[in-house]
Every structure is written in C-alpha cells, then in structure tokens.
C-alpha cells in the first residue's frame, strides 16, 4: 500500500503538447496543475514563453506562473519550497498535484532534495567580478579548473554567471560545488507517477518548434521584448532575458543582427533546448512512462489507468 500521497509528473521537451494534455486531464481527474517551468515564472513574459492563454488557464489554473518580475532571481531551492507548499495545499483539498513542465532541474530538486550550497553573498560576488574585470573570465575559468575540474569541464569559459557561482561556493564554504552537490537533501514525500511526452519522430518536434516560433512573432513577440528592453533595469545576463527566444530578440533590438536572423537563431536555440530536455529524460534514473505527442486521447487513458490503479492500491 502507498502510505504517501500521490502526485503526477508530466514532463517533456518544449512544444511536445504537455499543456494540452494537462488541460484534458484537469477536466477528467481530481488534479490541480503546478507549472514546472523556469520561464513561466516571469510576469510580462507571455508570448515567448508560450504561457497558457486566459482561456486555457480558465480550464486548468496553473500554480507557479507569473510569480516574479524579470529583474528578480529564482532558484531551484525557491521552486522546491514553493512547489512543496502548493502540493501540500492541493493534497489537503483531497486533490492530486499534477506537475507539468520541462525544467528538469526543478524536478530533480523536488525528487532528491537540494545540496547544502551556501546562499549567495554579494560581497564575494563583487570581489569575483572585480577580479574578472582585471584578468578576464577565461582566467577565472582556469582557476575554477584547479579548484573544481568537474564543474569547470561543464561550464563554458564565457559563462560568467556560472563561473561566478562556482567560485563563490568555494570561497564561502571551502568546498567545491561538485563535493557539495553529492550531498543530497530531504526527498519528496509523495508517491510519484512519472510520464514524459514527446513525438517519436524528432523531425515532428522540430517542425512544431518552428511553427510555434513563427506564430509567436505574429502574436507580437518582438513588441513584448521591446517593452522589456526599454524598461531600463533589465540586461542580457539576467536568467529571464537568457530564456530561449528572448535572448535572440534582445540581441536583435540592440543591433546585433536583423529580425530574420533573430528568428532563425531563436528557432535553433529552442531546438537545442528540446534536445537537452530529451537528453535529461533519456538518462532519468526514475521509472518513467513515455507518451507519444500524436496520441493525445490514448495518452490520457494511459495516465487515467495508472492513476486509478494507484488509487485502488493506496
């Protein structure tokens, strides 16, 4: 018997049909939707993130969307805390949390808990940035390779934010990020049914991504990014502006290349994101059932059967 309450994970790459399936499930099962998407958290970033429409949200309200301003920071630790709170609230109502999205790091944080990484320290970060201005980030990347070769191998020498964080962790704790991330936190107190949805043919996903990006442009994506660009308090190194599509449109607005090139690069970046998400899922160490994006009614029945079986055994 399952002593833990049940929750459902509906994972998958971008443009795989997660939202549509979640809305259908919300109509037929006692579930409430929690978004697991590091882009949907931002207010005012609706078109480029493919945020569910008002009509879709009326059918299936999503928790943890539109929760912070694009200038604010939000970590996997923030997500875990927020998601656990929402899951507990849903469970107390006698309903089932349905977690939907493609940010695999968030799912991992939920399932395994978080490593005891130190909180950010602005003084330490400022010192690292001063050092970078003097010697360059490539030099700091070499320093990181001596301290933490595993992290250094994973981090691009131009990725200033991640280099800064890895060095900051070492300077504060005296331990490398690799050492600390091997220590796991508290595990998720739920029995999880895990599903991943994607087209069997990768070419179909690529076509979906391209079609969706062009639809975003028609819906005013450039104008959405222009509003962010002209706010004056945002910049390209923020996680919000580094979201796929936004970064490329931002670079277009500052004159790096024309709109056609921005669209092309945005589509390529979205395809690369989807590839990374699928790679995460292929290497997922937990039991997972794959669903074909082209078989939505069949997918719905598979999840309903698994849900019913779990409820009977619980």
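Using N, Cα and C of the backbone, Cβ positions are placed for all residues, glycine too.
If you draw a 10 Å sphere around the CB of residue 15 (ATP binding site), it holds 26 other CB atoms from the protein chains shown. Per Swiss-Prot, the feature ATP binding site maps to 12, 13, 14, 15, 16, 17, 18, 19.
Under DSSP, residue 15 (ATP binding site) is assigned to coil, being neither helix nor strand in the three-state scheme. Per Swiss-Prot, the feature substrate binding site maps to 14, 15, 16, 17, 18, 19; the stated evidence is sequence analysis.
Assigned with DSSP, the residues of the region 'Interaction with substrate tRNA' (37-40) fall into helix, strand and coil as follows: 0 helix, 0 strand, 4 coil. Swiss-Prot lists 37-40 (among others) with the feature region 'Interaction with substrate tRNA'.
Positions annotated as region 'Interaction with substrate tRNA' by Swiss-Prot: 161-165 (among others). Beyond the ends of the region 'Interaction with substrate tRNA' (161-165), by six or more residues, the same chain brings 120, 125, 128-129, 132, 137, 140-141, 144, 155, 177, 237 to within a C-beta distance below 8 angstroms of the stretch.
Residues annotated as region 'Interaction with substrate tRNA' in Swiss-Prot, with sequence analysis given as evidence: 242-247 (among others). Residues in the region 'Interaction with substrate tRNA' (242-247) partition by DSSP class (helix H, G, I; strand E, B; coil) as 2 helix, 0 strand, 4 coil.
The region 'Interaction with substrate tRNA' annotation in Swiss-Prot covers 275-282 (among others) and rests on sequence analysis. With a threshold of 8 Å between CB atoms, the same-chain residues lying at least 6 positions outside the region 'Interaction with substrate tRNA' (275-282) that come near it are 11-14, 102, 104, 196, 198, 288.
Residues annotated as site 'Interaction with substrate tRNA' in Swiss-Prot: 103 (among others). Residues within less than 8 Å, Cβ to Cβ, of residue 103 (site 'Interaction with substrate tRNA') and separated from it by at least 6 positions along the same chain comprise 36, 37, 38, 79.
Long-range C-beta contacts of residue 125 (site 'Interaction with substrate tRNA'), restricted to its own chain and to partners at least six residues apart, with a cutoff below 8 Å, comprise 164, 168. The feature site 'Interaction with substrate tRNA' is assigned by Swiss-Prot to 125 (among others).
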Under 8 Å by Cβ from residue 18 (ATP binding site), counting only residues of that chain that are 6 or more apart:
10, 11, 12, 100, 101, 102, 197
Given a 10 Å Cβ-Cβ cut-off, pick out the one of the binding-site residues 12, 13, 17 that has the most other Cβ atoms nearby.
13
Is it possible to get the count of other C-beta atoms within 10 angstroms of the C-beta of residue 14 (ATP binding site)?
22
With an 8 Å cut-off on Cβ-Cβ distance and a minimum sequence separation of at least 6, pull the same-chain contacts of residue 16 (ATP binding site), or say none.
102, 197, 198, 199, 205, 208, 274, 293
Looking at the region 'Interaction with substrate tRNA' (161-165) alone, can you tell me the average pLDDT?
93
